[in-house]
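Residues or ranges marked as signal peptide in Swiss-Prot: 1-18. The transmembrane segment annotation in Swiss-Prot covers 30-50, 65-85, 97-117, 120-140, 144-164, 190-210, 223-243 and is backed by sequence analysis. The feature site 'Primary proton acceptor' is assigned by Swiss-Prot to ASP98. The site 'Responsible for spectral tuning' feature in Swiss-Prot is assigned to GLN106. Taken from Swiss-Prot, the feature site 'Primary proton donor' covers GLU109. Per Swiss-Prot, N6-(retinylidene)lysine is recorded for LYS233.
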Amino acid sequence: MGKLLLILGSAIALPSFAAAGGDLDISDTVGVSFWLVTAGMLAATVFFFVERDQVSAKWKTSLTVSGLITGIAFWHYLYMRGVWIDTGDTPTVFRYIDWLLTVPLQVVEFYLILAACTSVAASLFKKLLAGSLVMLGAGFAGEAGLAPVLPAFIIGMAGWLYMIYELYMGEGKAAVSTASPAVNSAYNAMMMIIVVGWAIYPAGYAAGYLMGGEGVYASNLNLIYNLADFVNKILFGLIIWNVAVKESSNA
């Protein structure tokens, strides 16, 4: 029943949003990327909630969180794509509201995947959450004009690097060392997303605000951000799903 309501709710919501924003120009690469990411987030959300019933109890919460991440992103992309198609402006507020919800949930995923198979201190979650909030707060301040662009960029990078340190060298490394091979593999893959996939975001910030002239930054910024969200949110969830299926089959 829950899955049916999810699908029906999405089907009801889509027509009204699809009608908004006018027609999509074939030459509007950024607009096309908004539509592709919107569709991808919806498909991933349905997939994660359907697959939740196929894994053992200790992995259900992880798949639920994966579905929440893509579901929240789907909802915000419905609005963001409309802002872009109607105005050509960057939907900064919508995007950061989305990130303020989904990035901490990705932090939760790291904690959950470790807690499912080994002992992990709650302090790891608190440290990762603090790093993510510094990263997001500084990024928003720079993009919204509340702080100088370059200092905000540096502070945001510091928050991101702190998270990487904790996962690679700190409590994350200590916790995963006692986990199963499947969890180790998933953890390393998730780390690659944090290191390589999340690097797309500062690249977009730099392309939008630190390089290029007035009037060109919006296209650079949104195309890169859309690509990053597509890869980081959906692939992140698929890694969780993969390890959940493997661990459940071995149980």
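Every residue, even glycine, has its Cβ placed from backbone N, Cα and C.
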Exercise. Return the member of ASP98, GLN106, GLU109 nearest to LYS233 (N6-(retinylidene)lysine) in space, with distance defined Cα to Cα and candidates limited to these recorded sites.
Key: GLN106
Quiz item: What parts of the chain pack near the transmembrane segment (120-140), using Cβ distances under 8 Å and only residues at least 6 beyond its ends?
Solution: 92, 96, 99-100, 103-104, 107-108, 110-111, 114, 146-147, 152-153, 155-160, 162-163, 166-167, 170-172, 175, 201, 205
Quiz item: Counting only pairs at least 6 apart in sequence, do the transmembrane segment (30-50) and the transmembrane segment (97-117) share 3+ Cβ pairs under 8 Å?
Solution: no
Quiz prompt | Reduced DSSP assignment, GLU109 (site 'Primary proton donor') | solution = helix
Practice problem: Kindly assign LYS233 (N6-(retinylidene)lysine) to one of the three DSSP-derived states: helix, strand or coil. | Solution: helix
Quiz item: Hey, how far is GLN106 (site 'Responsible for spectral tuning') from ASP98 (site 'Primary proton acceptor'), Cα to Cα, in Å?
Solution: 12
Self-check item: Surrounding CB atoms that lie within 10 Å of the CB of GLU109 (site 'Primary proton donor'), all protein chains
Solution: 22
Quiz item: Can you name the far-off residues of the same chain, 6+ from the ends of the transmembrane segment (65-85), with a Cβ under 8 Å from a Cβ of it?
Solution: 10, 13, 17, 20-22, 24, 28, 30-31, 34-35, 37-38, 41-42, 44-45, 48-49, 52, 91, 94-95, 97-98, 101-102, 105-106, 108-109, 112, 222, 229, 233-234, 236-237, 240-241
